[in-house]
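Data block below; observations after.
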Ligand SMILES: *Cc1c(COP(=O)(O)O)cnc(C)c1O
């Protein structure tokens, strides 16, 4: 029986003194943690019988160095979204354009008049920075922004429906995702839920009944962004709800979720309800996300009647969900682009991607496929293929956007391995498997992203050699 191989593992300080680790480059604490974890790993391997003898000290030092590099790399990283889903919630929803990113950068590096009135030299309100432009763009009397739309809905309900009976269609008691369920958020806000109608049909008469016989004091409408009821259905139009609200003096509150500001900004998605349209139809308050169809930073925006918005600003929940200065700066910069529809369409990346015509995507897919074919010769076949892209962000779930992708079909090995290899690239590339091919959709790729895709492919064959 030979001596215990665990004893032959180098001591911590000896490992740390090996050339691979002794050099500069990583903070001491990172090196120590990497060395400790590497030794623990080697110990586990020896105990499980996976190794015949302890690894050489230099090999362990190399492993520890690689671990230190992993520990030092930022955890939140840029990835290439080749999924064709424009507002991909898991990949950060709307990418910001240059103007918005620069505004956030400037706000981050210095002080600002965030809550300071420069003219009077006194305390100001952070809502002031976007209120006027939101009113200008949507036709609202007043506006405010909070941290996200979930917060905007909570503030709206807390301020305007707290302690009151709010009528909501049974077909609109939805879960938006991430545990945000309309009945739960109502309960948290202190609003009492009055369910109206049925899952598939809710008529104005159902709401009238709720007002006249069940004491409804608020009308709430929720845009069921992420699911659709099809078939034998009926939905009560905002116009009818608004008339009912006016007749009885009740506010009509609308959680629009993924709001485009107005029709002209998304010519290809005319079926999509808009913020300005909802106000014109008579909603008293409309709330929507900053990083869905608006194409801005994470934010929740509420627009509508002045008295209601002012009550929302005073609500303690508005303080809980307040927007931070970086998002506010990016939001203002995004909104300013909307003053010129052509500029908005070109400079707000989400709008440009959503509006991209299929022919343009086809030409780009063919060019990218040709480049990838050269790199991946003998590994994959590469073709430009038509795809069905998605809006994402819980908007228009059944709406396909006709797009184009480079389709990579591996000659040997599985498509799952190919997909994983692109995901493991230095700049990870997230594509989509369809049948036996990996699709890299052009709609969601910037020019820079296309270079990253080609680099990822080069890295792949470099490894394979
Ligand atoms: C997305 C969505 C929300 C939540 O918005 P966030 O900005 O993600 O907080 C709320 N309501 C509806 C209808 C939505 O679509």
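Placed from the backbone N, Cα and C atoms, the Cβ positions cover glycine too.
Small disclaimer: the values here were computed from a predicted structure and weren't measured.
If you check TrEMBL, you get these features:
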type: DOMAIN; residues: 6-43; note: domain 'L-seryl-tRNA selenium transferase N-terminal'
type: MOD_RES; residues: 292; note: N6-(pyridoxal phosphate)lysine
Overall pLDDT for the domain 'L-seryl-tRNA selenium transferase N-terminal' (6-43), taken as the rounded mean: 89
Local backbone state of residue 292 (N6-(pyridoxal phosphate)lysine), from DSSP in three classes: coil
Three-state composition of the domain 'L-seryl-tRNA selenium transferase N-terminal' (6-43), taking helix and strand from DSSP: 29 helix, 0 strand, 9 coil
